[in-house]
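Novice: Sending over a structure as C-alpha coordinates; questions will come in a sec.
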Amino acid sequence: MTALPRYSVFGNPVAHSKSPQIHQQFALQEGVDIEYERICADIGGFAQAVSTFFETGGCGANVTVPFKQEAFHLADEHSERALAAGAVNTLIPLKNGKLRGDNTDGIGLTNDITQVKNIAIEGKTILLLGAGGAVRGVIPVLKEHRPARIVIANRTRAKAEELAQLFGIEAVPMADVNGGFDIIINGTSGGLNGQIPDIPPDIFQNCALAYDMVYGCAAKPFLDFARQSGAKKTADGLGMLVGQAAASYALWRGFTPDIRPVIEYMKAM
(Lines of atoms letter the chains of each structure in order from A and count residues from 1; the text may use other names and numbers.)
(Lines give C-alpha, C1' and ligand atoms only; values in the text may rest on other atoms or scores of the structure.)
Protein backbone atom coordinates (compact mmCIF):
# COMPACT_ATOMS: atom_id res chain seq x y z
CA MET A 1 0.00 0.00 0.00
CA THR A 2 1.43 3.37 -1.05
CA ALA A 3 1.93 5.85 1.79
CA LEU A 4 -0.07 9.07 1.56
CA PRO A 5 1.76 12.35 0.86
CA ARG A 6 2.66 13.85 4.26
CA TYR A 7 2.50 17.53 5.20
CA SER A 8 2.70 19.33 8.53
CA VAL A 9 2.64 22.58 10.43
CA PHE A 10 5.43 23.32 12.92
CA GLY A 11 4.80 25.64 15.87
CA ASN A 12 4.91 25.94 19.65
CA PRO A 13 2.15 25.88 20.74
CA VAL A 14 0.41 24.35 17.73
CA ALA A 15 -2.51 22.30 19.13
CA HIS A 16 -4.93 25.13 18.27
CA SER A 17 -3.92 25.23 14.57
CA LYS A 18 -6.73 24.82 12.05
CA SER A 19 -4.29 24.03 9.24
CA PRO A 20 -5.06 20.26 9.16
CA GLN A 21 -8.79 20.88 8.56
CA ILE A 22 -8.06 23.52 5.92
CA HIS A 23 -5.61 21.37 3.96
CA GLN A 24 -7.94 18.37 4.07
CA GLN A 25 -10.57 20.56 2.39
CA PHE A 26 -8.06 21.49 -0.30
CA ALA A 27 -7.28 17.79 -0.84
CA LEU A 28 -11.00 17.10 -1.29
CA GLN A 29 -11.10 19.77 -4.01
CA GLU A 30 -8.11 18.17 -5.74
CA GLY A 31 -9.59 14.68 -5.33
CA VAL A 32 -6.62 13.21 -3.45
CA ASP A 33 -5.86 11.82 0.01
CA ILE A 34 -3.13 13.41 2.11
CA GLU A 35 -1.87 13.35 5.69
CA TYR A 36 -1.43 16.69 7.46
CA GLU A 37 -0.24 16.79 11.07
CA ARG A 38 0.58 19.33 13.75
CA ILE A 39 4.14 19.09 15.08
CA CYS A 40 5.00 20.92 18.30
CA ALA A 41 8.75 21.44 18.07
CA ASP A 42 10.73 22.17 21.21
CA ILE A 43 12.24 25.64 21.45
CA GLY A 44 15.79 24.93 20.33
CA GLY A 45 14.71 21.73 18.59
CA PHE A 46 13.05 23.16 15.47
CA ALA A 47 15.86 22.42 13.00
CA GLN A 48 16.12 18.80 14.12
CA ALA A 49 12.34 18.32 13.98
CA VAL A 50 12.22 19.69 10.42
CA SER A 51 15.18 17.55 9.36
CA THR A 52 13.54 14.40 10.76
CA PHE A 53 10.23 15.21 9.06
CA PHE A 54 11.73 15.60 5.60
CA GLU A 55 14.20 12.71 6.00
CA THR A 56 11.23 10.42 6.70
CA GLY A 57 9.37 11.42 3.55
CA GLY A 58 7.68 14.74 4.38
CA CYS A 59 6.41 16.48 1.24
CA GLY A 60 6.00 20.03 2.57
CA ALA A 61 5.63 22.00 5.79
CA ASN A 62 4.03 25.14 7.11
CA VAL A 63 5.73 27.11 9.88
CA THR A 64 4.00 29.27 12.46
CA VAL A 65 4.94 31.16 15.64
CA PRO A 66 7.66 31.23 16.94
CA PHE A 67 9.71 29.59 14.19
CA LYS A 68 9.25 31.73 11.05
CA GLN A 69 12.57 33.56 11.38
CA GLU A 70 14.39 30.33 12.22
CA ALA A 71 12.80 28.67 9.18
CA PHE A 72 14.18 31.52 7.07
CA HIS A 73 17.72 30.72 8.21
CA LEU A 74 17.14 26.98 7.86
CA ALA A 75 16.07 27.20 4.20
CA ASP A 76 18.79 26.69 1.59
CA GLU A 77 17.14 29.05 -0.90
CA HIS A 78 14.35 31.62 -0.74
CA SER A 79 11.61 33.18 -2.82
CA GLU A 80 11.73 36.95 -3.33
CA ARG A 81 8.77 37.27 -0.95
CA ALA A 82 10.61 35.36 1.78
CA LEU A 83 13.76 37.44 1.28
CA ALA A 84 11.77 40.68 1.58
CA ALA A 85 9.87 39.46 4.64
CA GLY A 86 12.88 37.93 6.38
CA ALA A 87 10.59 35.09 7.44
CA VAL A 88 9.37 31.77 6.05
CA ASN A 89 5.99 30.10 6.61
CA THR A 90 6.31 27.46 3.88
CA LEU A 91 9.07 24.90 3.35
CA ILE A 92 9.29 23.04 0.03
CA PRO A 93 11.63 20.05 -0.40
CA LEU A 94 13.64 20.12 -3.64
CA LYS A 95 14.84 17.12 -5.65
CA ASN A 96 18.46 17.84 -4.70
CA GLY A 97 17.61 17.38 -1.01
CA LYS A 98 17.63 21.10 -0.20
CA LEU A 99 14.78 23.16 1.25
CA ARG A 100 13.22 26.21 -0.39
CA GLY A 101 11.58 28.77 1.87
CA ASP A 102 8.61 30.92 0.85
CA ASN A 103 6.27 33.32 2.62
CA THR A 104 2.60 33.18 1.63
CA ASP A 105 1.18 35.41 4.40
CA GLY A 106 1.01 38.48 2.15
CA ILE A 107 -0.73 36.55 -0.63
CA GLY A 108 -3.25 35.23 1.89
CA LEU A 109 -4.04 38.74 3.10
CA THR A 110 -4.26 40.46 -0.29
CA ASN A 111 -6.27 37.65 -1.92
CA ASP A 112 -8.78 37.80 0.93
CA ILE A 113 -9.12 41.59 0.64
CA THR A 114 -9.27 41.82 -3.16
CA GLN A 115 -10.92 38.54 -4.21
CA VAL A 116 -13.16 37.60 -1.28
CA LYS A 117 -13.97 41.01 0.22
CA ASN A 118 -13.89 42.64 -3.26
CA ILE A 119 -11.97 45.72 -2.11
CA ALA A 120 -9.21 47.05 -4.37
CA ILE A 121 -5.86 47.92 -2.81
CA GLU A 122 -4.49 49.88 -5.77
CA GLY A 123 -4.62 53.63 -5.20
CA LYS A 124 -5.85 53.26 -1.60
CA THR A 125 -4.34 54.55 1.65
CA ILE A 126 -3.41 51.80 4.10
CA LEU A 127 -2.65 51.98 7.82
CA LEU A 128 -0.77 49.05 9.37
CA LEU A 129 -0.94 48.74 13.16
CA GLY A 130 2.04 46.97 14.73
CA ALA A 131 5.58 46.32 13.53
CA GLY A 132 6.16 42.65 14.35
CA GLY A 133 6.83 39.68 12.10
CA ALA A 134 3.20 39.38 10.96
CA VAL A 135 3.21 42.94 9.61
CA ARG A 136 6.68 42.69 8.08
CA GLY A 137 5.62 39.54 6.23
CA VAL A 138 2.74 41.21 4.39
CA ILE A 139 4.26 44.58 3.41
CA PRO A 140 6.07 43.35 0.25
CA VAL A 141 2.89 41.90 -1.27
CA LEU A 142 0.76 44.90 -0.24
CA LYS A 143 3.26 47.12 -2.11
CA GLU A 144 2.89 44.96 -5.24
CA HIS A 145 -0.78 46.05 -5.35
CA ARG A 146 0.33 49.71 -5.71
CA PRO A 147 -1.54 51.47 -2.91
CA ALA A 148 -1.28 55.26 -2.87
CA ARG A 149 0.27 55.22 0.59
CA ILE A 150 1.21 52.80 3.38
CA VAL A 151 1.66 54.12 6.92
CA ILE A 152 2.89 51.92 9.75
CA ALA A 153 2.06 52.82 13.36
CA ASN A 154 3.56 51.13 16.38
CA ARG A 155 3.71 51.73 20.13
CA THR A 156 7.50 52.10 19.93
CA ARG A 157 8.38 54.36 17.02
CA ALA A 158 11.88 52.93 16.48
CA LYS A 159 10.54 49.56 15.32
CA ALA A 160 8.08 51.23 12.94
CA GLU A 161 10.86 53.47 11.58
CA GLU A 162 13.02 50.41 10.94
CA LEU A 163 10.33 48.81 8.75
CA ALA A 164 9.50 52.14 7.11
CA GLN A 165 13.12 52.62 6.00
CA LEU A 166 13.41 48.99 4.89
CA PHE A 167 10.31 49.11 2.67
CA GLY A 168 10.12 52.79 1.71
CA ILE A 169 6.87 53.55 3.55
CA GLU A 170 5.87 56.01 6.31
CA ALA A 171 6.00 55.54 10.10
CA VAL A 172 4.24 57.30 12.97
CA PRO A 173 3.85 56.60 16.70
CA MET A 174 0.53 54.90 17.47
CA ALA A 175 -0.74 57.87 19.49
CA ASP A 176 -0.04 60.33 16.64
CA VAL A 177 -2.08 58.62 13.93
CA ASN A 178 -4.50 61.02 12.25
CA GLY A 179 -6.33 61.43 8.97
CA GLY A 180 -8.59 58.99 7.19
CA PHE A 181 -7.46 55.67 5.73
CA ASP A 182 -9.24 53.43 3.24
CA ILE A 183 -7.95 50.19 4.75
CA ILE A 184 -6.78 49.73 8.36
CA ILE A 185 -5.04 46.43 9.20
CA ASN A 186 -4.36 45.40 12.79
CA GLY A 187 -1.23 43.29 13.14
CA THR A 188 -0.84 43.67 16.91
CA SER A 189 -1.54 40.75 19.25
CA GLY A 190 -3.39 42.78 21.89
CA GLY A 191 -6.73 41.21 21.01
CA LEU A 192 -5.56 37.96 22.57
CA ASN A 193 -5.74 39.82 25.91
CA GLY A 194 -8.85 41.81 25.02
CA GLN A 195 -6.84 44.97 24.27
CA ILE A 196 -7.14 47.33 21.32
CA PRO A 197 -4.38 49.53 19.85
CA ASP A 198 -4.13 53.03 21.32
CA ILE A 199 -5.53 54.87 18.29
CA PRO A 200 -8.11 57.67 17.96
CA PRO A 201 -11.57 56.48 16.83
CA ASP A 202 -11.93 59.19 14.17
CA ILE A 203 -9.38 57.47 11.88
CA PHE A 204 -12.15 54.99 10.96
CA GLN A 205 -14.54 57.64 9.60
CA ASN A 206 -13.71 57.00 5.92
CA CYS A 207 -12.48 53.44 6.39
CA ALA A 208 -13.80 51.00 3.76
CA LEU A 209 -12.31 47.98 5.57
CA ALA A 210 -10.95 47.38 9.07
CA TYR A 211 -9.10 44.06 9.10
CA ASP A 212 -7.59 42.07 11.97
CA MET A 213 -4.89 39.57 11.03
CA VAL A 214 -5.94 37.22 13.83
CA TYR A 215 -9.27 35.39 13.69
CA GLY A 216 -12.12 34.42 15.98
CA CYS A 217 -12.53 35.84 19.48
CA ALA A 218 -9.09 37.48 19.47
CA ALA A 219 -10.18 39.79 16.63
CA LYS A 220 -13.42 40.89 18.31
CA PRO A 221 -12.13 43.83 20.47
CA PHE A 222 -10.49 45.63 17.53
CA LEU A 223 -13.28 44.91 15.04
CA ASP A 224 -15.99 46.02 17.51
CA PHE A 225 -14.07 49.26 18.13
CA ALA A 226 -13.64 49.83 14.38
CA ARG A 227 -17.33 49.18 13.67
CA GLN A 228 -18.49 51.51 16.45
CA SER A 229 -16.06 54.17 15.18
CA GLY A 230 -17.44 54.19 11.63
CA ALA A 231 -15.65 51.48 9.62
CA LYS A 232 -17.94 50.44 6.75
CA LYS A 233 -16.76 46.83 6.68
CA THR A 234 -14.83 44.66 9.15
CA ALA A 235 -13.16 41.27 8.79
CA ASP A 236 -11.04 38.94 10.88
CA GLY A 237 -8.06 37.01 9.53
CA LEU A 238 -9.77 33.69 8.78
CA GLY A 239 -9.68 34.45 5.05
CA MET A 240 -5.99 35.31 5.32
CA LEU A 241 -5.35 32.01 7.11
CA VAL A 242 -7.13 30.02 4.40
CA GLY A 243 -5.52 32.11 1.65
CA GLN A 244 -1.95 31.63 2.84
CA ALA A 245 -2.64 27.91 3.26
CA ALA A 246 -3.97 27.69 -0.31
CA ALA A 247 -0.83 29.38 -1.64
CA SER A 248 1.33 26.89 0.29
CA TYR A 249 -0.72 23.97 -1.04
CA ALA A 250 -0.23 25.23 -4.61
CA LEU A 251 3.54 25.46 -4.09
CA TRP A 252 3.67 21.85 -2.89
CA ARG A 253 1.21 20.23 -5.26
CA GLY A 254 0.71 22.49 -8.28
CA PHE A 255 -3.02 22.68 -7.56
CA THR A 256 -4.60 26.03 -6.59
CA PRO A 257 -7.61 25.56 -4.30
CA ASP A 258 -10.70 27.79 -4.31
CA ILE A 259 -10.57 29.52 -0.93
CA ARG A 260 -14.18 30.76 -0.76
CA PRO A 261 -15.91 27.44 0.09
CA VAL A 262 -13.16 26.60 2.58
CA ILE A 263 -13.62 29.95 4.37
CA GLU A 264 -17.35 29.21 4.65
CA TYR A 265 -16.62 25.67 5.87
CA MET A 266 -14.27 26.98 8.58
CA LYS A 267 -16.81 29.61 9.68
CA ALA A 268 -19.38 26.85 10.18
CA MET A 269 -17.07 24.70 12.34
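Keep in mind that glycine also has a Cβ here, set from the backbone N, Cα and C atoms.
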Novice: Check Swiss-Prot for me: it has Ser17, Lys18, Ser19, Thr64, Asp105, Tyr215 binding shikimate, so pick out which one of Asn89, Asn178, Asn186, Asn193 it puts in that same site.
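Specialist: Only hit among Asn89, Asn178, Asn186, Asn193 in Swiss-Prot's shikimate site, alongside Ser17, Lys18, Ser19, Thr64, Asp105, Tyr215: Asn89.
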Novice: Swiss-Prot has Glu80, Gly130, Ala131, Gly132, Gly133, Ala134, Asn154, Arg155, Thr156, Arg157, Ala158, Lys159, Met213 down as binding NADP(+); which of Gly106, Gly237, Gly239 does it also list for that site?
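Specialist: For NADP(+), Swiss-Prot names Glu80, Gly130, Ala131, Gly132, Gly133, Ala134, Asn154, Arg155, Thr156, Arg157, Ala158, Lys159, Met213; of Gly106, Gly237, Gly239, the listed one is Gly237.
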Novice: May I ask for the distance between Met213 (NADP(+) binding site) and Lys68 (active site, proton acceptor), taken between their Cα atoms and rounded to an integer number of Å?
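Specialist: The Cα atom of Met213 (NADP(+) binding site) is 16 Å away from the Cα atom of Lys68 (active site, proton acceptor).
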Novice: What is the nearest of the recorded positions Lys18, Ser19, Lys68, Asp105 to Gly133 (NADP(+) binding site), using the Cα of each?
Specialist: Lys68
Novice: Of Lys68, Glu80, Ala131, Asn154, Ala158, which is closest to Ser19 (shikimate binding site) if I measure between C-alpha atoms? They're all recorded positions.
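Specialist: Checked the recorded positions Lys68, Glu80, Ala131, Asn154, Ala158; minimum Cα distance to Ser19 (shikimate binding site) goes to Lys68.
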